[in-house]
Ligand SMILES: NC(=O)C1=CN([C@@H]2O[C@H](COP(=O)(O)OP(=O)(O)OC[C@H]3O[C@@H](n4cnc5c(N)ncnc54)[C@H](O)[C@@H]3O)[C@@H](O)[C@H]2O)C=CC1
Ligand SMILES: CC(C)CC(=O)C(=O)O
Ligand SMILES: [Mg+2]
């Protein structure tokens, strides 16, 4: 098959992991007889530097014309001082909205070989860590009004609103129920309904949907309790459905209990098959340019692209099996290293995964 992939190289450590990911995709294309056409698209800091805009229309158009988009991450200290609308991260938000990607799926599944890298007690890990966070991606406070006023007192006041309409909740709620139905049939809606009207609206929509999924065990949990339960008893979770900011925060926490944020991929989809595939982590500026960054999360994100957007399940399996074999051999990167293992750099980890495909 021929597929067009828009590649956003990203900022700081991101080009290092995207390079290894392209190597893996090319190996898969060679082995399975596919042709992947790559179109570079600038977004984030790179786009600001080139065009003065974190996502120019012509770069968004490249992404909309592709079969899917591969992204590392954007942002970094160089652009920290910019106003919100001009920051690299705003380009990412505009990309997600521009592509209509309302469903961000973030797995939290531990590779058994990485149990020693988890900060949790072995007996907690042994009970199993295998859940997925279904995060609403283009609503809520990341997309609400942002205002800064000067009060009568002369001091400034900033306000960020968190809007959610019923249709926005219903479409992600359905993804949550459908995902749970294909897994262990447990869905937990995580919110702050004891404080927020948006959360109370979430619950009213979820209760309406619940009637359509009698086979799914549905529950609700306040987000602060969930943050604690993820470390106390992660085995209780199968699918978590939650709003944008809560999902952003909980998924980073969930990644750590599986051994490292450097291992967790994500898919972002809307109503079609064109998706955005990116690791859940950021641009890791603190380790940029040192060949330290773990490319695995980005490589596994590409595997998700093959599986969910291209219908290439066998090819996706080949990548995931290669990662498993690398871990079996005791090969690690600095972020998930443990005693008795061999620590590789970014490029060497790419080499190791390539060798197993
Ligand atoms: N999707 C995206 O483009 C995202 C971008 N960001 C941006 O990234 C920049 C840095 O943000 P941080 O809060 O530091 O988050 P971060 O996820 O980039 O880094 C957090 C910590 O995890 C480590 N880390 C992250 N990914 C790693 C990997 N693959 N291998 C090894 N270590 C890894 C970093 O070295 C750092 O110590 C900021 O500009 C932020 O806005 C943050 C999150 C997502
Ligand atoms: C930088 C944010 C806009 C995105 C983020 O943190 C995430 O999607 O994980
Ligand atoms: Mg995040």
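Quick reminder: no glycine exception, Cβ is built from N, Cα and C everywhere.
Listed features, source TrEMBL:
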BINDING   76-89, 282-294  NAD(+) binding site
BINDING   96, 106, 135, 224  substrate binding site
BINDING   224, 248, 252  Mg(2+) binding site
DOMAIN    4-353  domain 'Isopropylmalate dehydrogenase-like'
SITE      142  site 'Important for catalysis'
SITE      192  site 'Important for catalysis'
- line: CA-CA within 10 A of residue 135 (substrate binding site), subset of binding-site residues 76, 84, 248 in residue order, equals 248
- request: Pop the mean pLDDT for the domain 'Isopropylmalate dehydrogenase-like' (4-353) in here, whole number is fine.
  value: 98
Field: Cα distance (Å, whole number) from residue 84 (NAD(+) binding site) to residue 106 (substrate binding site)
entry: 25
- prompt: Taking the Cα atoms as reference points, how far is residue 248 (Mg(2+) binding site) from residue 292 (NAD(+) binding site) in Å?
  reply: 24
Statement: Residues sitting within 8 A of the centre of the 224, 248, 252 CB atoms (Mg(2+) site), not counting those, run 223, 227, 245, 246, 247, 249, 250, 251, 253
- line: Cβ atoms other than its own within 10 Å of the Cβ of residue 224 (substrate binding site), all chains, total 12
Statement: residue 76 (NAD(+) binding site) has its Cβ surrounded, within 10 angstroms, by a count of other Cβ atoms equal to 21
Field: binding-site residues near ligand 1 among 76, 84, 106, 224, 284 (Cβ under 6 Å)
entry: 76, 284
Statement: Whole-Å Cα distance, residue 84 (NAD(+) binding site) to residue 142 (site 'Important for catalysis'), is 11
- prompt: To the nearest whole angstrom, what is the C-alpha distance linking residue 142 (site 'Important for catalysis') and residue 76 (NAD(+) binding site)?
  reply: 18
Query: In the structure shown, with every protein chain counted, which of the binding-site residues 284, 292 has the densest set of Cβ atoms within 10 angstroms of its Cβ?
result: 284
Query: When the number of other CB atoms within 10 A of each residue's CB is tallied over all shown chains, which of the recorded positions 106, 192 has the maximum?
result: 106
Task: For residue 252 (Mg(2+) binding site) and residue 284 (NAD(+) binding site), determine the Cα separation and express it in whole Å.
output: 13
Message: For the binding-site residues listed here (80, 252), tell me which residue's CB has the most neighbouring CB atoms inside 10 Å.
response: 252
- request: Indicate whether residue 135 (substrate binding site) is helix, strand or coil by DSSP.
  value: strand
